[in-house]
Amino acid sequence: MGFKPFLEGGIAAIIAGALTHPLDLIKVRMQLQGEHSFSLDQNPNPNLSLDHNLPVKPYRPVFALDSLIGSISLLPLHIHAPSSSTRSVMTPFAVGAHIVKTEGPAALFSGVSATILRQMLYSATRMGIYDFLKRRWTDQLTGNFPLVTKITAGLIAGAVGSVVGNPADVAMVRMQADGSLPLNRRRNYKSVVDAIDRIARQEGVSSLWRGSWLTVNRAMIVTASQLATYDHVKEILVAGGRGTPGGIGTHVAASFAAGIVAAVASNPIDVVKTRMMNADKEIYGGPLDCAVKMVAEEGPMALYKGLVPTATRQGPFTMILFLTLEQVRGLLKDVKF
């Protein structure tokens, strides 16, 4: 197993992650709306002015539907959703504008250091392992790498990468969500290193792998759908004469398709993962308990909260990821290590 695929994947993922970080932050804020600890404070940062003549609406994505169930008394955690009169649609763009207005432009890059560390650990690992398995499992005579085999390689690579990158993932979610919390509950982490250190000391080392079962499953779904779709669509385009292996158009089309497939497939488990990682303590009995409470209190479409920013983030992220990856591969093709 060579080191070069890990380096190539890591470089591409860091660039893609840093450039699309604001979209990921907006996605996290929208996914956390409706959770008991989420703040709709009209001015969470008192040092920044806010025009109180403009109503601030709850962060609900366009696909969210009001729950017809209401509060369930049998659930151990009672979360009372806002009344229908206070619920309204707020687009990802409006959420981003609200963050800039109330927290400042720099808030869109809250947790970017954690994103960079996460990509170094998670994406470099998953892409390196996928490349290794691809080389091992591709038929040497025909060059055939079946779709089912691609998906299997993606599932394995995603699982390993997620375990390695989970501490950075927890830190990233905490740092991205911090601005949405009431002032007295904010963690105010100085950096990803400070976040990981404080989480480990205050909540125990095991808390760095909080939600790891979800992270593993999400990473398996994302990696399998993302990498397998990219390779497969690319092969179809080339075989059909609609593109060349090294063509930019081929890379753009394949990466865009991969981003959309990954976003739709992973959003439900991503929402649950975000809720569990953002919790300061174990308020949920597990992933299933978290999902049940969300659906009961916020409606079934709560599992697709943040789908629009997820898709608008996954699309550009995946396109930048693979376009950069192809260029890095070209630059390092003659380098041996």
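Even glycines carry a Cβ here, placed using N, Cα and C.
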Inset, instruction - Would you mind telling me which of 73-93, 178-198, 304-324 Swiss-Prot tags as transmembrane segment? - result: 304-324
Inset, instruction - For the transmembrane segment (105-125), find every same-chain residue at least 6 residues outside the stretch whose CB is under 8 Å from a CB in it, and list them. - result: 6-7, 9-10, 12-14, 16-18, 21-22, 24-26, 96, 99, 157, 160-162, 164-165, 168-169, 171-176, 178-179, 191-193, 195, 219, 321
Legend entry - Local confidence of the repeat 'Solcar 3' (246-331) - pLDDT mean: 87
